[in-house]
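J.: Handing you a structure now.
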Amino acid sequence: MSTPSIAPAPAPLVPALAAKPAISPSPGPGTPGSITSKEWVIPPRPKPGRKPATDTPPTKRKAQNRAAQRAFRERRAARVNELEEQIKKIEDEHEIHIAAFKEQITNLSREVEQCRSEMTWWRDRCHALEKEVSVERSAKEAIVKEFRSSLSDREAVRSDKGLAPLTTSTPQARSSDRPDNGDASNNDSGEGREEVPLGCNDCSTSHCQCIEDAFTMPGVVAQEQSRRLDTTKPGLSEPQIKPDPEEMEIDFTSRFAATQQQDQSPTSVSSPAVDPCGFCSDGTPCICAEMAAQEEQRPRRNSFENNRLAPIQNLSQFTPPPSDGDVRSDVTLPPISQATNPCANGPGTCAQCLADPRRTLFCKTLAASRSPSAAPSGCCGGKGADGGCCQSRNTNVSRGRSGSNNNTSSGSSAAPSLTLSCADAYTTLSRHPNFSRATDELSTWLPKLHTLPKPRDFPLTDRGVPRAALEVEAASVMGVLRYFDRRFADK
């Protein structure tokens, strides 16, 4: 056999997938008609410094290591993706918060600017008002100075005209007819009125200096100002300090006995005729006549004040105590609770309940809970007499068995408990800070309130009679308040 010859060729970069067919040798003389063939595969030349890559690992441990590394890389990539998503979400929320804060800052800055503008406006307004007040004050001071200067000028004119002798002579002439009341204001006004002269040399038909001087007197000016104040203030027409009605009593014993003296006094006062001043016509009011009428009315006022009785201060010194015969035992007055019961038509009908729905619910529920048909309560569950507790002191059994001595001892031992009205109890409970939360659990704490009088104390024959006012024990109210503290305490 002859070996096949290989043609020289350059080394291929890619390994040959198909083998080249061998060159058929020429048939020899010994083997006529026979052909031989064989495929040859040439591996690629490996790169320098690298191991040949094999797809199948040589051992099982290496295969497990590769799988573990691949799983670790996958988990790490998934964790990185998850963290990236969280960071993106946090950034979005942060941007939303920043936008909201920026909007709030803009709104607050706008409000601050508005408040500043309003403050500047009010400051300018205050300055303007202060300027107006200062101008009015200066004008008022100028008017007061002018008025005082005019008064001083008039006083100087009066002193120059020689009015001083007349003014000193008239009070001495009329001081005997006027009684002394001890009032400084009345004396000043009376002296001011008496200083008016009956005439002067400067009076004419159209102008009288005497009348003007009379109007400018201090007493007349003060009386005119007080009269203006009374007319401008209708709400203060009544005196602020009202006198005691006992002090306003009048003694009528000598009223009709002194009729002759009263008849003579007006004649003596009205005997001097009014001296006409000559400047008052028939249709116009005359100052002289008015002053004379006031002088006539002063003695009447003094006599009226002298007839007043002194107030009876010590009534117990003169009134003896009532005797047994003065008191009638057959007279029975209605109890005060029925007369003063505002809920006579039933619980929840008073004005306070009609104004507050919660108060109405409280009163009606409390009245329903104390009705005789309510569930029995107490330590024994209502097994005592009349459906009450066995420890009750006011049962009918104890009343029937105990004698008079037992009744007196039990009555003295059972002291009356302090009670509150239904309205006061509701007001006390409503002032608790957690009362609004307690209204949702009304059925839990409302039975803890003990009411008086108890329904079993009323006889069956008196059901048609209006019942007494509802009273609540103060101790039970305190217990409910302590229950509120425990129940709604912040933990």
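Keep in mind that glycine also has a Cβ here, set from the backbone N, Cα and C atoms.
Pulled these features from Swiss-Prot for this protein:
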type	residues	note
REGION	19-73	region 'Disordered'
DOMAIN	55-95	domain 'bZIP'
REGION	60-79	region 'Basic motif'
REGION	83-90	region 'Leucine-zipper'
REGION	149-196	region 'Disordered'
COMPBIAS	149-161	compositional bias 'Basic and acidic residues'
REGION	224-245	region 'Disordered'
REGION	397-416	region 'Disordered'
COMPBIAS	397-413	compositional bias 'Low complexity'
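Map these features onto the structure and tell me what's around them.
T.: Residue counts for the region 'Basic motif' (60-79) under DSSP, split into helix (H, G, I), strand (E, B) and coil, are 20 helix, 0 strand, 0 coil.
Remark: secondary structure over the compositional bias 'Basic and acidic residues' (149-161) totals 13 helix, 0 strand, 0 coil, with classes taken from DSSP.
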J.: Summarise the region 'Leucine-zipper' (83-90) as counts of helix, strand and coil residues per DSSP.
T.: 8 helix, 0 strand, 0 coil
